[in-house]
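According to TrEMBL, the protein has these features:
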{"type": "ACT_SITE", "residues": "Glu176", "note": "active site"}
{"type": "BINDING", "residues": "His175, His179, His185", "note": "Zn(2+) binding site"}
{"type": "DOMAIN", "residues": "74-278", "note": "domain 'Peptidase M12A'"}
{"type": "SIGNAL", "residues": "1-19", "note": "signal peptide"}
Amino acid sequence: MERIILLCLVSTCLSAIHAQKFLFSPKWGPVGYKEREENEGTAMDEIIKANGFQASRIIDGTTTLRDGDIAVSSGRRSKVCFARSCLWSKSVDGHVYVAYRLSTDYSEMETKMIKKGMESVEKGTCVRFVPRTHERDYVDIQPKSGCWSYLGARGGRQTVSLQSPGCLRVGVISHEFMHALGFVHEQSRFDRDKYVTIMWPNIWRDRLRNFEKFKTDNLDLPYDYGSIMHFGMFAYSQDGSPTIIPKNNQNSKDIKLGQASSLSHIDKMKINKLYKCGGKDDY
Ligand SMILES: [Zn+2]
């Protein structure tokens, strides 16, 4: 009798192990991103994690998320911004001042981190973030649910959501500010198929639209695999297989997609070109 009980226990244990494997195997475990073994994930990997795999893409009744983290209102204004960037105005001194209001819900440490994200955008570009005094147009930084931003300057107050924790990494913060400045994801460029292959069958079916192309103005700049705005190789993967791979060429194995914590050199050039800041390095 004891033997039978023992056998039963062993078999229960085995099936529990089996069930665990089933639950946590790459095929069935949480999907949508894959941690890199050696390096940090990309900024977008963090964003996908924070915004949740099953989370609703609807922020409120009239605002939805597009491409994973770009807020779009059902009003006409944001559609125009998608077709061509809506720019922040440039000051006579050559800088682009982006006024901001920071939620008082952030701790001192969190505030420091957000300011680091701002500095990462400011360094080598003509953009300057300034605390709002009277400006009509400004970004309202709030710890709402998820990491997201509207695209470009919408006029008036516009929210940038940096949830705490989850979005308070320098890379994530600068990624969202890049959206606010008017940039879409790098692999949304109209000419991206020359540089990367989208592995459509590997993408979580629900998120296929996140890989759309747009009629972007590429500002005569080369395709930037290492942009802070590039999806990582496993973005929205349904089974752990790559969803974007660099096109075959001699160096394709060395190419890393995306960036963890800082703007790439080309990202900075993009800002300076879009805002006609001359591309000087001495801002
Ligand atoms: Zn994004």
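The backbone N, Cα and C atoms fix where each Cβ goes, glycine too.
Taken as a whole, the domain 'Peptidase M12A' (74-278) shows an average pLDDT of 92 in this prediction. A Cα-Cα distance of 11 Å separates Glu176 (active site) from His185 (Zn(2+) binding site).
Cβ atoms within 8 Å of the centroid of the Cβ atoms of His175, His179, His185 (the Zn(2+) site) belong to the same-chain residues Ala43, Met44, Ile47, Asp67, Asp69, Ile70, Ser149, Glu176, Met178, Phe183, Val184, Ile228, Met229, site residues excluded. When the neighbouring Cβ atoms lying within 10 Å are counted for each of the binding-site residues (His175, His179, His185), the highest count belongs to His175.
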